[in-house]
Amino acid sequence: MVVVAILAAGRGTRMKSDLPKVLHPLGGRSLVERVIDSVEPLSPSRRLVIVGYQAEQVKTGLQSLHLEFVEQTVQLGTGHAIQQLLPHLEGYTGDLLVLNGDVPLLRTQTLEQLLQTHQTNQNAATILTSHLPNPKGYGRVFCNGNNIVQQIVEDKDCSPAQRQNHRINAGIYCFRWENLAQVLPHLEANNAQKEYYLTDAVTQVGQVMAVDVEDYQEILGINDRLQLATAYEILQRRVKEQWMMAGVTLIDPNSITIDDTVDLQPDVIIEPQTHLRGNTFIQTGSRIGPGSLIENSQLGANVTVQYSVITDSTIQNGAKIGPYAHLRGHAQVGANCRIGNFVELKNTELGDRTNVAHLSYLGDATAGTQVNIGAGTITANYDGVKKHRTKIGDRTKTGSNSVLVAPVTLGDDVYVAAGSTITEDVPNDSLVIARTRQVVKPGWRKKSGES
């Protein structure tokens, strides 16, 4: 049995932000959400998040995850933070996994290894360590040949010889809670910062073993925007390598970004300068980009998208989107549709084989199958107070520069003459002309007296 505690009380002053550090986004998820994601496969019995700075904002940002929150009203160090758990874990006899809310790149496999080593060896504590190329600023961990920790020395207290040791404390621990609970009340703040350090407890609980993480990048903490950008680069490399190995083609990967919440099927091709975000799913054979943004959208097989923005929308097999189209607000595009340049769809549903080829806005509309929307067709959906729907039947064709003033319904097989403004419903099989008659006055200029 394991309980997880996540330290998320710090202010993060080096971020220079009003937003709590742990809520800063990294590839579509906040830093602390990524930490929470990494422990979910461990099936912890409880997930406790220790909050302090802007506690209510952090709670609100995580409320959908059904966590337990423990407040550290004054931030007096990591040991003090874990002391706040004492009344919440009274009588608990299992293990406590302690993580930092600003270390978002940890893999679940690493935590599984830490927990397995801890439980197999019946350690009082097991700590995660790593060998850094440049360990400056990190506490050094000294072990015997069996990885039993002999000493942890803070960087500022290291002798020149001790600084040659590049094995550092990652600040991630697994404790036998009964042992730790006995030590926590006796921690002392005997340091310049007058803080209570969890490392002081580590040396007092009993046998402590160290486990090395293979990739030191996993334990990188985020303290400023530069480190946030570095973490994003690492995360993107992981995600893109995963998809390329799974049969997805990325043309110029360095110019492409993909959230790790995105799902792609084999034989998808992603062109340069394309960005895939949120809960996006793209099926096999689709070609996306160049220069496109797709967010929280589902695309079928063999869809093509060029230089377009698609959010919160669904596109069926074989549709062609762009260039320079904008789909949003739960747009639904049927199979083998064509959405051309400078077309915007908002909260609009199109049936199969419907074309909106260029220069049109369809908002709050429904169009059937094999509809052809002429260039410059607009649905006037807003009356200044509320929005209304437009309904267009199967095989209907609108001429160029038509305006459909909602609420209005066009039946099946309707022809709308170019330049018409439609304000009333049109029955099936009709030609509708709603424009003023052209008047030509020969010789008007001379008769008017204009020179």
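The backbone N, Cα and C atoms fix where each Cβ goes, and this holds for glycine too.
For the acetyl-CoA site, Swiss-Prot gives ALA375, ASN381, TYR382, ALA418, ARG435; the one candidate out of SER313, SER400 that the record lists there too is SER400. Sorting the binding-site residues LYS21, ARG328, ARG435 by the number of other Cβ atoms within 10 Å puts LYS21 first. Of the candidate binding-site residues, ASP102, ALA375, TYR382, ALA418, the one lying closest to LEU7 (UDP-N-acetyl-alpha-D-glucosamine binding site) when CA atoms are compared is ASP102. Listed in sequence order, the binding-site residues from ALA375, ASN381, SER400, ARG435 having a Cα within 10 Å of the Cα of ALA9 (UDP-N-acetyl-alpha-D-glucosamine binding site) amount to none. Close to LYS21 (UDP-N-acetyl-alpha-D-glucosamine binding site), meaning Cα to Cα within 10 A, are none of the binding-site residues out of ALA375, ASN381, TYR382, SER400, ALA418, ARG435. Across ALA375, ASN381, TYR382, SER400, ALA418, ARG435, which the record gives as binding acetyl-CoA, the greatest C-alpha separation is 22 Å.
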